[in-house]
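In what follows, a single structure is set out as structure tokens and then discussed.
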Amino acid sequence: MYGRTILSKTVGTKSFSILSPLRAKSTPVAEKKTANGYKFEQLSPAQKAYLDRVIRVDQAGELGADYIYRGQIYVLSHKYPHLRPILDHMWKQEVHHRSTFNNLQLKHRTRPSLITPLWKLGATVMGVAPALISPEAAMACTEAVETVIGNHYNEQLRCLANQFNISKTDGSKDEPQEIKKLTDIIKEFRDQELEHLDTAIKNDSHMAVPYKLLTEGIKSVCKAAIWTAERI
Ligand SMILES: [Fe+2]
Ligand SMILES: [Fe+2]
């Protein structure tokens, strides 16, 4: 359904070089009826490409989160049974996030990331390896991942709010219902990711050794993975 234009937004920076193409390529074609009978103009190719990219990267990211928590549970739940309900709660939320983006991917016919097997392998390693060091290291991993994902979702929310105010045939502007729904989903998931971040801190992520190396290393890997999953 969506086009394949590659945009140039860089994750982890505040620069939105995607914004000018979104404005420049708007093609006014009336398509959808709204509740009051007025129609929205069609999304521009750049807007469609951006949505395509949002769904692809978020589906890949939530798949990764599912595998990270599975890895943590596998390593930690027997030796540290008090962590099991905490990890289970976060994992179940990630499974819901993943299935929501799976459904969006099908609905919008967005192709998945071409290197999905690599995301599964990498996320499993990211879940298992820190957990083998210590429970605190696993929590430091969660803290790092959720920090990056929280920022990533906030960037998407900013772009959706700024760039999808579409003209209607009566001359007014509004967000199409689909964009409002996607925005609500991302807001809900962003809030849950930030709860996971708080949970990790409450469970001694800062006590991990080596904390700085772990968290900064994992943040860099996550940013690189996001950049790649948006494009490949
Ligand atoms: Fe998630
Ligand atoms: Fe999360």
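The backbone N, Cα and C atoms fix where each Cβ goes, glycine too.
Summary of the site annotation: TrEMBL records Fe cation 1 binding at Glu94, His97, Glu193. Screening the candidates Glu62, Glu175, Glu216, Glu230 against this entry identifies Glu62 as the one listed for that site. Annotated Fe cation 2 binding in TrEMBL involves Glu94, Glu193, His196 plus, out of the candidates Glu136, Glu146, the residue Glu146. Glu94 (Fe cation 1 binding site) sits 11 Å from Glu146 (Fe cation 2 binding site), taking the Cα positions as reference. Among the binding-site residues Glu94, Glu146, His196, the residues whose Cβ lies under 6 Å from any atom of ligand 1 are, in sequence order, Glu94. In the vicinity of ligand 2, defined as a Cβ distance under 6 Å, the following of the binding-site residues Glu62, His97, Glu193 are placed: Glu193. Here Glu146 (Fe cation 2 binding site) comes close to Glu193, Leu194, His196, Leu197, Ala200: these same-chain residues lie at least six apart in sequence, with C-beta atoms under 8 angstroms from its C-beta. According to its DSSP assignment, Glu94 (Fe cation 1 binding site) is helical.
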